[in-house]
Structure formats: C-alpha cells, structure tokens
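Q: Please see the structure below; I have some questions.
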Amino acid sequence: EASTCGSTPYSASQVRAAANAACQYYQSDDTAGSTTYPHTYNNYEGFDFAVNGPYQEFPIRTGGVYSGGSPGADRVIINTSCQYAGAITHTGASGNNFVGCSNST
C-alpha cells in the first residue's frame, strides 16, 4: 500500500519490499547488517492496525531495501505472521515516538 511518511512518498512496491525483507529477516532470525532490525515494536502509541500483533518494525527507504546503517525516520510494521500492519514515522512526533504515515494506519 502506497504511503507518505512526513513529506516522503513511498510506492506500494517500496512498502511491500520493506515488509518482505522484514519478514525474511524475522523468519530466519537474522538482522539487516550489524543492526537490530527487524525488532519488536510494542505499539506504545496505540495504533489501530488492521492485523493483530505481536509486531516487528523495519526501516523503509526510498532507494532500495534497508540493509544496515542509519535507519532514518520511517518504518514498516509487520506482525510475526508476516502480515503488513502499516507504516509509521518519527517525523513530526515528539521524542522517540511515532506518528502514522498517511494512508497506512
């Protein structure tokens, strides 16, 4: 599903690629490079996702799939059954919190 995080638009295929990568890493108990992603997302913000948790978060990028390094502000959320839950961002949120990306939560 296409989504805009802050002022950054993502196509449906970019969102799907991030979700698929998160799923593959999660299922193989692996992470992107030397990072901790994907990792547990506790949904402290209380987003009403279309699928039930538990959730994993994984960075979403405009250029290719995240493979390590700085994660940036934007995340795709999947559940541990690899269902897409939504996209969220630190952009526009206070502290280390998240807000929903448009068209996605």
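Cβ atoms here come from the backbone N, Cα and C positions, even for glycine.
As annotated in Swiss-Prot:
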- His39: active site (ACT_SITE)
- Glu57: active site, proton acceptor (ACT_SITE)
- His90: active site, proton donor (ACT_SITE)
- Cys5-Cys101: disulfide bond (DISULFID)
- Cys23-Cys82: disulfide bond (DISULFID)
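Please situate the listed features within the shown structure.
A: Annotation for His39 (active site): same-chain Cβ neighbours under 8 Å, separated by at least 6 residues, are Thr31, Gln56, Glu57.
In the three-state DSSP scheme, Glu57 (active site, proton acceptor) falls into the strand class.
Here the Cβ of His90 (active site, proton donor) has 18 other Cβ atoms within 10 Å, regardless of which shown protein chain they belong to.
Annotation for Cys5 (disulfide bond): same-chain Cβ neighbours under 8 Å, separated by at least 6 residues, are Ile60, Ala73, Asp74, Ala87, Ile88, Thr89, Thr91, Cys101, Ser102.
Taking Cβ-Cβ distances under 8 Å and a sequence gap of 6 or more within the same chain, the neighbours of Cys82 (disulfide bond) are Ala19, Ala22, Cys23, Tyr26, Gln27.
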Q: For a quick check of packing: other C-beta atoms within 10 Å of the C-beta of Glu57 (active site, proton acceptor), how many?
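A: Within a 10 Å radius of the Cβ of Glu57 (active site, proton acceptor) lie 22 other Cβ atoms.
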Q: Using a 10 Å cut-off on Cβ-Cβ distances across all protein chains shown, tell me which of the disulfide-bonded residues (Cys23, Cys101) has the largest neighbour count.
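A: Highest number of other Cβ atoms within 10 Å: Cys101.
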